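The annotation domain 'MARVEL' is assigned in TrEMBL to 21-174. The transmembrane segment annotation in TrEMBL covers 31-51, 71-93, 105-131, 151-170. Here TrEMBL flags 190-237 as region 'Disordered'. The annotation compositional bias 'Gly residues' is assigned in TrEMBL to 209-219.
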Amino acid sequence: MEGMQAYGAGKAGGAFDPVTFFQQPQTVLRIVSWVFSIVIFGCIANEGYINRPNEMEEFCIFNRNQNACNYGVFMGSMAFLCCMAFLALDVYFPQISSVKDRKKAVLADVGLSAFWSFMWFVGFCFLANQWQVTKHEDNPLREGGDAARAAITFSFFSIFTWAGQAFLGFQRYKLGADSALFSQEYTDPSQDAAGAPYTSFGGDDLESPGGGGGEGGGQANSDGAFDGTTGYQRQDY
């Protein structure tokens, strides 16, 4: 039972090991994505708005298209928050004793990571296109050029970091689905209790002379929904 895992994490109730946590590939990718989101947000928010020498009003450095800057700032800030939420979930994940809840968390990780990878692909194409068609007369001094290129570059990198998170999440899902904890023949104990004869508090079967020491009593105990020694809740998928 010590070696059993559900969706890539051991039994609930174990001590948190920060060294092991930060060495996990998914943790590394989340931190890298978190840093990338800060860079993108910071570059556009700080140097993404400029004005002509003869104008006072500032405009977006990406072809004077306000939507391009708004998209980059929004995506960077939301990705930052999403990375923080996923890191918090990863810390808490081994303490989740319900297999159903673990499955939902892993599926949410896969879906949201794939979504963010797609959104960064859209953002990269959008920003790169707007930067390519930017007119020289709109920015004769070439202010903020490095920041614009950095935002585009890290948007491109973010596609792969989020795709990597989706891939690792899918691997965790497959690991949980293939685990020995998920028996296809498992029956909900509440259904077993409804159809089984009444037993005494000591576990003796009133209808069977074999009592709690019989073969049926041992089978009912082995199929319990929750084993306190393992911290897992067995479910049928």
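Residue 1 is the first one shown; counting continues down the chain.
Heads up, the Cβ atoms here are built off N, Cα and C, so glycines get one too.
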Beyond the flanks of the transmembrane segment (71-93) by at least 6 residues, Cβ under 8 Å: 7, 9, 16, 21, 24, 26-27, 30-31, 33-34, 36-42, 44-45, 48, 102, 105, 109, 112, 116, 119-120, 123, 126-127, 151, 155, 158, 165
Overall pLDDT for the domain 'MARVEL' (21-174), taken as the rounded mean: 91
